[in-house]
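Per TrEMBL, these features apply:
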- 13-148: domain 'MARVEL' (DOMAIN)
- 44-70: transmembrane segment (TRANSMEM)
- 82-107: transmembrane segment (TRANSMEM)
- 119-138: transmembrane segment (TRANSMEM)
- 150-175: transmembrane segment (TRANSMEM)
- 153-297: domain 'MARVEL' (DOMAIN)
- 187-212: transmembrane segment (TRANSMEM)
- 224-246: transmembrane segment (TRANSMEM)
- 272-291: transmembrane segment (TRANSMEM)
Amino acid sequence: MDPQGGHYLNISAVASAVGVARLCQLALGCTTLSLVAHQAGYSAAYGTFCMFVWCFCFAVSAVVFALDFTRLHSCLRISWDNFTIAFAMLATLMYVTASVVYPVYFLRSECPAGGCEVRGYRIGVTVCSCLCALAYAAEVLLTRAKPGHVVGYMATVSGLLKIVQAFVACIIFGALVNDSQYGRHIATQYCVAVYSFCFAVTVIVVGVTVSGRTSALRCPFDRFVVIYTFLAVLLYVSAAVIWPVFCFDKKYGQPSRPSGCPRGKCPWDSQLVVAIFTYANLVLYIADLIYSQRIRFV
């Protein structure tokens, strides 16, 4: 046994660039939560979402750092490198979203009822949240695949795009349940089935990769990923055509936003969000298909 404990403790978890990024994540995440709890505050569904993002990412980051520093991650039956970069990518997206949502709903040019001091705390929350998003993005950049290296699938561009695709699908689902009236036509219900199927398979691909069970598939994993991605492109192309037609064509829907539609509870707004992110995910799947032809991973 090493008297310094070096055999058991991973010093690079603190001294390396990735370790520094993770320490910054913990420090900024803790600061963000402290500012919110102290006086910045939050309310309603949007505030609850932001608070969930900050709490969830801080908790998982603390566990990742502790397991990496003590080397206990070797006791877990998962692909550690795939898990950490997948979480870092997800946390980046979640923090970016919270960093946009929080100031939009809680920052005003005039001082709130709690006084100008509250506004200062809310500005601090926004700044810390943005910096923490950069810290997670830095970890992704430091651990992603480099040319000529054999790496885990989640470290490749294709693997990272899978996280983004699933996140965009969650935004689509959020818009769908917000009174999008997708049940009015069989065609729009088909689009929902496309979003659900692609989301489910994407999550399965990520889950199988992170769990290190890719060898359990009856066909080569890289071939399965390429075939599924090609199928997802075809399905999203059909949804990208069908959804706008049945929501914004005069025959089935409304080409423009109704004048009396309330903000935040307008079906047309939700339909527009779904259409925009359908095209966004289509672009992501096409890029994924292109990159998946060029990768080599383990």
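Each residue's number is its place along the chain shown, starting with 1.
Backbone N, Cα and C define each Cβ position, glycine as well.
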Positions on the same chain near the transmembrane segment (224-246), where near means CB under 8 A and six or more residues out: 153, 158, 185, 187-188, 190-191, 194-195, 197-198, 201-202, 205, 217, 252-253, 271, 274-275, 278-279, 281-282, 285-286, 288-289, 292-293
Spatial neighbours of the transmembrane segment (150-175) far in sequence, C-beta under 8 Å, 6+ residues away: 79, 81-83, 85-86, 89-90, 93-94, 140, 143-144, 195, 198-199, 202-203, 205-206, 209-210, 214, 221, 225, 229, 270-271, 273-274, 277-278, 280-281, 284-285, 287-288, 291-292, 295-298
